[in-house]
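Asker: According to TrEMBL:
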- 296-340: domain 'LysM' (DOMAIN)
- 187-214: region 'Disordered' (REGION)
- 1-19: signal peptide (SIGNAL)
Amino acid sequence: MKKLICVACAVGMFQFGKAQQPTAAANYVASYKDLAMKEMIRTGVPASITLAQGILETESGQSDLVKASNNHFGIKCKTEWTGAKVYHDDDAKGECFRSYTSAEDSYKDHSDFLRNRPNYAFLFQLDATNYEGWAKGLRKAGYATNPTYAQMLIKIIVDNNLQQYTLLAMNKPGEVSNGTDFFAAHKPQPKNGSVAADKTADNTLEEDKSATAPPAQTVKIAQTIVAAPSYPTGTFRINETSVMYADAGVSLFALANNHNITYKKLLEFNELDNVDILENASLIFLEKKPRKGTKDVHVAEPGETIELIAQKEGVRLESLLLYNRINRNKALQAGDKIYLRANAPVTAPAASKAAQPAKTGHTA
C-alpha cells in the first residue's frame, strides 16, 4: 500500500509539474516579451527566438543560474568578459557565467553577442519570421552542443505562439522602441500545450573558440538626420513615400530585415554610406524618394544641412544638389532658399560687371 501511495504521489507530482509548465512559460513570456521585441528592433534578432532561448535556458525563469545572476541565455564568461561573474556546475564543475544587474542587461548582451560575432553573421541574412532557419542556424553556429537544440526551440515557439511577437515588432517598430504601452492593449493568449523545456548540461553556450569580434569598421555610426522633431509612431508618409522615425540605437540592418528590404536598398533610399547603428533618432525612408518635392522652396533653419532637408522634404539628395548647384558639404545659412522642384534662378554676382575691363576699341 505504501508503495502504491508513493507511486501515486510521484505520478501526481509529475502530472502537476507537467501541468505547471505552460503556466511558467506563459509567465516568462508575459514578463519579457517587451524586452524581446525591443531587442529585435534594435538588433534584428527575432523576438520569437529570443523568448524561446530564454524559456529553454532558464527553465521558464526557474533555474538556479538565472536566479543567481540574471543570466537568461546561459552565456559563459569567456576571456573578453570583464563584468560580474557567478560559478555554476554545467558541462564541468564550477564553470564561470556572466552575471547581470538586470534582465534587460542580459537581453542586450545576448543580442549583441549574436550581432557581433562572425559565426552568427549568416543568421541576419534570414527573414526575421524564419524561426526554423534561425533555430537550426544557432545550433549550426555552435550556440549549444545539444543535437536537438533547434528542435527544442522550434517546439517552444510553436507551443507558445511566440511568432506573434516577431510580427508585432515588425508592424509597430516605433511604438515598441518608444516604450509605449501598445502591447499591454494586445495581450495574447498563449496556446495550451506542453513546453519543451528539457534542461540538459548541453544547453548552455559553446562558442567557437576561434571566433573573434568583427573589425570595427564593419559597424559604423549614422550621423544625425533629424533633430528634435515630432513625428507619428510606426510608418507614415512624407511626399507620398513610406517613412518611419527610428530611435537612436536602432540597427538599420534590423530595420531592413524587418521590412523585407535589403540592407543595401535601405542605405540607398536614405543616401547613407555603410552605417548600421543610428547615433541619433532619424527619419528612415522605406521606399525611394521622389525627385521633386511637394512645394517649390524650403527655407533653411539654423543648423540644417542639405541631407537633413532631403529627409524632411522627402526628396532625393542628388536632385537637391542639382537644383541648387551646390555640393553635399556646403554649409547652409539660416534663411537660405533650397529649391525642391526645379533649378534655382541664376543671379549674377554683383562684382562680375565691375571686374570686366573697360572697352577701349583696341585689340591686342
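Note that Cβ sites are derived from N, Cα and C of the backbone, with glycine treated the same way.
Given the structure is predicted, the values throughout are model-derived calculations rather than measurements.
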Asker: Please average pLDDT over the domain 'LysM' (296-340) for the predicted structure.
Answerer: 95
Asker: Count up the helix, strand and coil residues in the domain 'LysM' (296-340) according to DSSP, in that order.
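Answerer: Across the domain 'LysM' (296-340), DSSP assigns the residues as follows: 16 helix, 6 strand, 23 coil.
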